[in-house]
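Among the features that TrEMBL reports, active site, proton acceptor is placed at Asp226. For Glu229, the entry in TrEMBL reads active site, proton donor. Here TrEMBL flags Trp168 as substrate binding site. Summarising the annotation, TrEMBL assigns domain 'GH15-like' to 61-479.
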Amino acid sequence: MLWNDVLLYASKSNYKHTNTHDYRYMLCDFSLSQLVRATGFNVLSRQSNDVNSFIARQSPIALQGILNNIGANGSLVEGASSGIVVASPSTQDPNYFYTWTRDSALTIKFLIDSYIQGNQGLGSLIQEYILAQGRLQTVDNLSGTFASGQGLGEPKYYTNETAFEGEWGRPQRDGPALRAIALIAYSKAIVAASSDNNATVHDVIWPIVSNDLSYVAQYWNQTGFDLWEEVNGSSFFTTAVQYRALVEGANFAQSVGETCDGCDSQAPNTLCFLQNYWNGTSIVSNINLQGDYQRSGLDCNSILTSIHMYDPEGGCTDSTFQPCSSRALANHKAVVDSFRNVYTINSNLGPGEAAAVGRYTEDRYYEGNPWYLCTLAAAEQLYSAIHQWNATGSITVDNLNAGFFSDLGTNTTNGNYASNSPEFATLTTAVRDYADGFVAVVQEYTPENGSLAEQFSRENGTAVSARDLTWSYASFLTMEFARNSTLPQSWGEAAANTVPNSCQASSSNGTYIEPTATSFPNVAGIVTPNGSASGSGMAGSTSSAAANRATPFLRW
């Protein structure tokens with residue numbers, strides 16, 4: 001019956017395809033709303049029920065997609081230096097064959113979390129990345145010199161570790177913070193495993209982290225280009241990850257017998273400044289703009305911020321925009337709703353139905369399409385929120401987040417609902433189903449071979465822009481971790497979420513010292529959550545091909 005209905009609808013729609021006898025292509029080319037009209041079936045519900053099997057198929061593809069894009073042996077990035085994470089193998093329309101500090105750090109942070117969970121084959125690759133970042137830090141560029149620290153704000157480099165000297169939106173001030181966060185995560189894991197790793201962390205990793213923390217403390221209060229590289233001003237995402245890096249950095253410095261005075265002095269002011277992005281109902285993702293930009297401020301930037309500020313030991317704290325906070329949930333609704341009437345593929349989707357999510361509705365890059373990483377981030381925030389509710393033992397519905405819950409059809413009034421209440425079960429089930437819906441959207445518009453580009457068409461869901469985007473693959477895998485409650489380390493949010501009574505426009509003079517390590521000593525194995533030991537014995541030698549370096553992706 002389904003195929004007959006599809007064929008009938010196709011004939012009425014004058015559907016054409018280069019291979020009109022292969023009806024598989026026909027089904028893939030129809031939008032969700034077209035299939036619903038043609039068949040009367042709730043396709044989104046059918047796909048939501050199949051999310052588990054989709055994730056099981058897509059997960060190893062996404063991991064391999066990352067490994068294919070990391071030098072020196074990634075199969076799609078010939079010529080990239082060891083440990084260099086390439087944004088995409090695409091070299092034209094657009095050319096993304098560069099390494100971005102931000103994209104690389106976010107990707108490696110996932111690989112580090114996976115390594116901690118037992119994927120021990122990633123150890124040498126992580127170490128190659130760390131050594132490469134030590135080299136990149138010292139490359140003078142158009143953002144500035146290493147000696148002044150300003151060069152650390154350069155957003156991208158050639159894949160042979162030389163400076164890119166073309167016009168670009170620079171500086172971008174999120175990269176050093178994200179890199180510090182990633183390297184701290186790896187350091188904490190190996191130090192917790194064995195005191196034998198203390199010297200390695202102090203001598204090899206701390207110099208790189210120290211430079212990044214100096215940069216953040218010195219330049220956090222200056223404007224720069226946002227994570228989309230388009231507007232110069234203050235970016236919510238940038239300020240948030242800077243704050244997190246300063247909090248983690250202060251504790252990390254102490255743990256290795258060092259100090260980070262700039263971390264201690266600047267973190268409170270950064271948190272205070274972070275509150276300026278909240279307008280009472282949603283997050284304005286870019287403020288203090290240098291130029292005339294006509295935007296609402298609703299931006300995937302803000303959802304990405306929430307998932308990268310997530311602390312599994314934190315509560316639903318508004319000041320740090322935790323995934324389960326009332327602010328973050330209200331903002332999630334506002335951002336997702338803004339795309340409902342913008343994309344053709346979102347036609348007929350009402351409030352509370354998962355939709356394709358792009359960067360911002362005014363986007364015109366490649367005509368302004370949904371992004372895989374933004375749609376996946378919408379799911380990831382909700383999965384992380386569910387964990388936080390379970391961990392804290394309750395859900396609070398209030399005036400700020402009531403609209404979010406109401407859209408899901410829960411009919412729950414304002415109040416606090418304990419985890420043993422029927423209302424709690426109703427709410428968490430509804431949120432999980434909603435989150436699964438965003439994954440189902442990605443499932444619908446993922447090609448059969450599992451490749452993830454940067455964007456998918458607003459009109460028909462076909463792949464758009466750079467192919468095999470590393471960040472898209474990483475976003476899929478971090479979503480999976482959140483869905484499975486595979487938890488990252490705490491970054492200390494619970495002890496650092498009190499906003500000062502007043503903000504100060506301040507900074508701290510940075511000290512920048514060239515990292516000198518050229519290889520890693522053997523690293524004693526870590527103890528994984530299942531109690532087994534893992535580790536890496538890299539000693540600066542050339543490692544095996546990336547395709548052979550990782551063990552099969554693990555699920556917990």
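Even glycines carry a Cβ here, placed using N, Cα and C.
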So what pLDDT does the domain 'GH15-like' (61-479) average out to? 97
Between the Cα atoms of Trp168 (substrate binding site) and the residue listed as 'active site, proton donor', find the distance and write it as a whole number of Å. 8
Using a Cβ cut-off under 8 Å and a sequence separation of 6 or more, which residues in the same chain sit near Glu229 (active site, proton donor)? Pro155, Trp168, Gly169, Gln172
Of Trp168, Asp226, the recorded positions given in the record, which has the fewest other CB atoms within 10 A of its CB? Trp168
